[in-house]
């Protein structure tokens with residue numbers, strides 16, 4: 001989604017966000033510098049290492065998503081199975097959304113970082129860039145969660161009711177579902193444009209999100225409840241569907257007769273394993289931000305956050321940094337959890353287990369012929 005910058009405490013002043021007069025800049029610099037020297041104001045100034053971290057994070061995310069897109073596109077062009085093709089269509093759309101969601105907000109954060117960020121006095125304000133960045137975070141945050149939920153539901157139907165799945169799920173309907181997901185996430189992200197919630201700059205002034213820490217209104221709390229509720233509900237539905245799919249495949253595996261053909265089940269196992277990987281990644285990366293946002297806005301609205309405001313600011317920054325790794329880790333689910341890779345891992349593990357069994361077998365007592373039996377054979 002974006003890569004947040006690293007800040008260090010410093011007595012050096014932070015330049016104002018916008019000023020057309022050079023003399024005004026000098027006066028602001030001197031005034032703020034004087035306050036800093038007196039110890040009445042603590043400012044944060046970006047470091048060079050922070051820029052490097054942002055650039056490296058964006059580069060890693062771009063490379064990971066491009067590699068995953070290439071693998072998925074190659075698999076989609078070679079596969080003729082309709083259920084697998086539908087899954088790959090969802091997966092390709094998810095990776096493409098992650099790619100765009102990593103580049104656009106990340107570029108805006110990098111621009112804010114290089115310009116010196118936003119002055120602390122303007123944290124509760126919002127301009128065009130903040131509106132766009134906050135909307136991008138909400139949109140590109142909900143889309144992967146919605147898609148992961150839709151993919152889990154589609155696979156659950158395919159595993160438990162294959163005949164119904166073959167009659168209901170088509171490429172056209174899958175594309176309609178994807179369009180509905182993007183439209184739903186966009187509608188939620190655009191709610192502040194209709195005064196239903198608001199976006200604001202967040203500490204340390206290099207990113208925008210829903211107003212959750214100060215001056216929150218009823219609409220802000222409703223907006224956060226909607227955002228967090230939809231995200232957590234998507235994760236819960238994905239968890240239930242993947243659990244049902246996994247248990248169904250395990251039971252089918254146990255009931256399968258030896259030597260029976262199970263190539264179709266191997267495709268299902270591969271897809272369910274990938275979906276479990278997506279679900280685990282999303283839960284780890286997104287749950288903290290969804291939960292902390294909900295806790296912060298409730299405490300801010302009730303006025304009980306003042307004594308713990310700095311702690312909640314730290315938690316929010318850590319949570320959004322963790323959420324940015326979702327776009328980096330999602331592609332590796334498809335890169336590493338493919339059937340070819342899983343088969344190699346299985347063969348390696350089986351080979352290691354066979355070698356271990358051979359070594360143990362050499363030292364078992366009945367693996368050595370007795371001396372009497374050896375003499376009888378000679379006679």
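In case you wondered, yes, glycine gets a Cβ from its N, Cα and C as well.
What TrEMBL says about a protein is an automatic prediction, not a curated fact.
The feature region 'Disordered' is assigned by TrEMBL to 1-23.
For 8-22, the entry in TrEMBL reads compositional bias 'Low complexity'.
The transmembrane segment annotation in TrEMBL covers 51-75 (among others). Within the same chain, residues 3-6, 88, 91-92, 95-96, 98-99, 102-103, 106-107, 109-110, 113-114, 324, 327-328, 330-332, 334-335, 338 sit at least 6 positions outside the transmembrane segment (51-75) and bring their C-beta atoms closer than 8 Å to a C-beta of that stretch.
Mean pLDDT, taken over the domain 'G-protein coupled receptors family 1 profile' (64-334), works out to 85 on the 0 to 100 scale. The domain 'G-protein coupled receptors family 1 profile' annotation in TrEMBL covers 64-334.
As annotated by TrEMBL, transmembrane segment applies to 87-112 (among others). Beyond its flanks by at least six residues, the transmembrane segment (87-112) meets 1-5, 51, 54-55, 57-58, 61-62, 65-66, 68-69, 72-73, 75-76, 79, 118, 129, 132-133, 136-137, 139-141, 143-144, 147-148, 150-151, 154-155, 171, 174-175, 178, 182, 205-207, 271, 274, 278, 324, 326-328, 330-331, 334 of its own chain at Cβ-Cβ distances under 8 Å.
Feature annotation from TrEMBL assigns transmembrane segment to 132-153 (among others).
The transmembrane segment feature in TrEMBL is assigned to 174-201 (among others).
Summarising the annotation, TrEMBL assigns transmembrane segment to 221-251 (among others).
The transmembrane segment annotation in TrEMBL covers 272-295 (among others).
Sequence-distant neighbours of the transmembrane segment (315-337) (same chain, 6+ residues past either end, Cβ-Cβ under 8 Å): 1-4, 57, 60-61, 64-65, 67-69, 71-72, 91, 94-95, 98-99, 101-102, 106, 137, 140-141, 144, 202-204, 207, 209, 212-213, 270, 273-274, 277-278, 281-282, 284-286, 288-289, 292-293, 296. TrEMBL lists 315-337 (among others) with the feature transmembrane segment.
The list of residues near the transmembrane segment (221-251) in space but at least 6 beyond its ends in sequence, with Cβ under 8 angstroms from a Cβ of it, reads 138, 141-142, 145-146, 148-149, 151-153, 155-156, 159-160, 188, 191-192, 196-198, 210, 212, 265, 268-269, 272, 275-276, 278-279, 282-283, 286-287, 290-291, 293-294, 297-298, 301.
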